[in-house]
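Presented below is the structure to which this report refers.
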Amino acid sequence: MCLFLLLFPYLASGQFLQTVKVGLLFSKDTASVMRAVGYRTSAAAVLVARDRIRAEHLLDQYDFNFTVKFDECTEGLAGGKTVELINHDNVDVIIGPTCNRAGIAVASLAAYYNVPVFQWGLTTAADIGNVSRYPTTVTLSLDTHSMALGVREVLRRFEWDEFVFIYSNDGDEEKCASMKDDLEKMGIENSDVTLAYMVQIQTVTLDALQKALTEVSKRGRIIIACFANGRGFKKAFVASTVLAGMSTDEYMYMFAEPQSRGFYVDEINGGEHYSWDDTDGNFVTGLTPEQIRDAYGKVLYICDNMGLPTTITPEFANFSSQLISRMTEQPFNCVQDCSNSTYKVPATYAGQLFDAFYAYGVALNRSLTQDPTRANLKNGSFVLSDIGMSFQGVGGGTVTLDDTGTRIVQVYMFALNTSLLPYLAASLVINGSEVEYTPFYKSEADLWSVRPLARPICGFSGLECPPDFVKEYLVYTIIAAVIVVLALLAGCAGLLYTMQMKRKEMERQDLLWQVPFIELQQVQSKSKAEASMHSFASGPSTSTKITVESRSETINFIFYYYQQDILAAMKHDLILQFDAEQKAEFRQMRNFDNDNLNKFIGLCLDGPQLFSLWRFCSRGSLSDVISKSSMQMDSFFMFSLIRDISNGLLFIHNSFLKCHGHLTSRCCLIDDRWQIKISGYGLKSVRTFENPKKEDLLWTPPENLRNENEERLPEGDIYSFGIICSEILTRSSAFDLENRKEKPDVIIYQVKKGGHNPMRPSLDTGETVEINPALLHLIRDCWTERPSERPSIEQVRGHLNGMRDGRKSNLMDHVFNMLETYASTLEEEVSDRTKELVEEKKKSDVLLYRMLPKMVADKLKLGQTVEPETFEQVTIFFSDVVQFTTLAGKCTPLQVVTLLNDLYTIFDGIIEQNDVYKVETIGDGYLCVSGLPHRNGNEHIRHIARMSLGFLSSLEFFRVQHLPSERINLRIGINCGSVVAGVVGLTMPRYCLFGDAVNTASRMESNGKPGKIHVTAEANQMLTQVVGGFRTESRGEVIIKGKGVMETYWLLGEQSRISVSAQAPREKTPEPPRRQSVRSISPIIEKMSEETQKGLYSAYKDFNNGNECVS
């Protein structure tokens, strides 16, 4: 029956399988290692691993034959059993042994025989992992060399540059000795960590432990300890720290060893408990578990995954159940010997045995794939030539071997949390000499309250610190303390003073931007009378400046004088209370100083409404200049305006304001030097409550049109900047509103709508100005739909600087050069125009001199006032056409004008022959004077007399064109006397005569006879006695209205000339008047007065002084 079972695999497959002989070395009855690697609780792991190998079809053509030997962890026995397995049993591979000394012996023999060996369990000596000495040995255990590297990384991580080591070989002669060797080697090979002191305890007792702790307290504060497992040594050590008074925050203890359960202790029945609850051992400390647990709070454990709390996964549970049950199978046949309940729990490192055998199966599969000959099964060098692998193990998570067969191990650092419960603090992956540290704690506060120092500040003896300065220099200390207190008081006083002064300074600065309304004086616009007072020499102005006096208030602004400066006060229809943050904003705004920012003066809070005050710019806004200025803009002029706006925006974007938020061309003001100054910035708290006009939204970016509550950003200013640039280049308003059919509402809706081709202004600049295409591209980038795609103001400035073409002149210089060029080109045209002007001026002067006396006209042209002038002796001449009303009734109006023009042309020719000034003609009335404005002595009477005689003689030959049969006759009156002459009126100014002599001359004409020259007694005396040469005849006494009875005369002619009227007209000799009373003669005088007043000449009486003013 047994033979059949042995032959069944071969019969089932139809062919005989090759056999791999496997030698197994175990420790069967050694009590110290039974729980970890005991034969009865671990050997069956090779059968479970064989099943996995078959399931993965790694060695389908091979079967395994197992030979079991027991070395009991002794090197002599292990060496002998190894020789038997190799020479007698002819095995292909040896799995084991499980202890250090036995493992070194087997590894040496395997290297000699070139047999592959896979060790596991407690083989932790670093020498076993030396590939150069033992090239055919693979160890799956965590060695002490790797553990030493992990300790060094932890020490470096917490800046501990020195440590001490306490260990004992009591109960385990191999583990701690190997750990000591590797720590010593690590301290020698690395300068960053030093092993300062080392103590070995021969027999572990409480006294020995306390003595050792007292000794090391003089050499170190970071203490690494190593003791045998399962005998209560570690708990006794921790308890000894309490008894020795060394469980304080000044110390840190570390257990760094392989095959450690950390803060857990295994129980025989498979369970576990905390180390401070361990009852194993004969140590009576007198301490409670709570005291010992508190001391464990100063302990760190560095060990493999055995330190983790036991977790039973389904895979491990299946492995554990098979491990115990299959010990009864071949080749172990452990039935009675394994029936004790002690052997019902798998050994601690049984999983490593599974991993070791499975790793061999993978390595053999690879070697047989390369060379399937039978001879290579036992060739250790060939089997391990491709040993590098990684797989999921049963005993320790992922198993990774490098190309030399050295396992890349992962160890863990465990600590107690604030609740004094174990937790995983960090992970350390050790690959050769490299260590990767991964912390799982949030901060070091999870590990300790204060990190311990490797060396106390005052040294281990406490004598390295300098002596207490206070005790040594008590007097000086007291003096220094007093000085410090006084200094602190002075500092506090200074701080309070500084704060007080700062508060006062803030209040002072607040007074600067809070302008009282009483200190503002409104600019008064000029009255109409003042506006009309222009001299004859003044001409129209061509300046582009805005005279603030021309208008004192607009819809949005009122202009005020403040401290001899003109301010523009922006109106805000609201009343607000400002908090400290807003006041700080106003203070900072008032301190702004930039060439392209309009100065913010402050706010007026106590006026009829809220005013924000800004400096007045004489040329108005950019919008005004574009819409009203006739000044020609070339490309450099436009570029300079755009550059000024970008400079102002750069300052705003880099200030605390971050953005303007409401930038329009109306905010861009222009000063005397044609420099743009941005106004209206800041005042966010004020603008929040204002409703902008539709026209002001034409510059608003689409994102703010869609959401009015969205915060204004610098990208929005860039959009507004692009709209303003389009206004400058096209020399039109935003979106060319005046020449569009759409209203602002429609345009704003289209901009808000957006889309693939959003609404934007035209950039058609015409052919008169050459614009850089790069500038047009920049403007289009500025108003792109997505804010994130718009350039920043720094980028805009960079692009503009690249377009300067090397020109560095400013705009004012450019304007001067442009005006100079313009002046030179117009020089010839001005010269021609000047010649024409001189000719026209001559014509104007001739006309003016005919209307006014030359002397008077010259004064008026110079803008001088013509003062009234008194002339003591002049001769006044009045004439009137007899029965002109009857004659005019026979003519049309045009014929009347023709008649008078023909007549006056003859008269004007006669006047030019004499020193006579023609004052005025009214209808058919004629007024002349001689002796003014140029005085001519007594010759004035001669010139008037000759002119009068000439008038009468010229009528003999004068004929009316349309009435040839009609004859014209004149009545002439002459008087001599004093008059006052002057210019009266602004519109159509006239040179007028004032005086009684004027009225008397008028009465002479009105009381005269047709064809006669009627003169007064004064004129007669001048004619006959003063100048002589004229013949006159007395008319007698005549009643003159306003004069009473006057004696008058007829001028008959000049003695040297033929008399115009040789004889006086015959009149009936009046009867002597009868005596009548004054009362009875009055009606007669009134009737005579009415008859003598007939005529078309009108005289105007001045009721204030009784003089006649003829105009």
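Keep in mind that glycine also has a Cβ here, set from the backbone N, Cα and C atoms.
In Swiss-Prot, the feature N-linked glycosylation site is assigned, of Asn65, Asn417, to Asn65; the remaining candidates carry no such note in the record. Screening Asn365, Asn431 against Swiss-Prot annotations picks out Asn365 (annotated as N-linked glycosylation site).
Helix, strand and coil counts under DSSP for the domain 'Guanylate cyclase' (875-1005) come to 52 helix, 40 strand, 39 coil. The glycosylation sites considered are Asn65, Asn130, Asn318, Asn340, Asn365; of these, Asn340 has the fewest other C-beta atoms within 10 angstroms of its C-beta. Note on proximity: among Asn65, Asn130, Asn318, Asn365, Asn379, the glycosylation sites of the record, the Cα nearest His145 (site 'Involved in sensing alkaline pH') is that of Asn130. Among the glycosylation sites listed (Asn318, Asn340, Asn379), Asn379 has its Cα nearest to the Cα of Asn65 (N-linked glycosylation site). Looking at Asn340 (N-linked glycosylation site) and Asn318 (N-linked glycosylation site), their Cα atoms lie 21 Å from each other. For the domain 'Protein kinase' (482-817), the model's average pLDDT works out to 83. Its own atom aside, the Cβ of His145 (site 'Involved in sensing alkaline pH') has 25 Cβ atoms within 10 angstroms in the protein chains shown. Asn130 (N-linked glycosylation site) carries neither a helix nor a strand DSSP state and counts as coil. When the C-alpha distances from Asn379 (N-linked glycosylation site) to the glycosylation sites Asn130, Asn318, Asn365 are tabulated, the minimum falls on Asn365.
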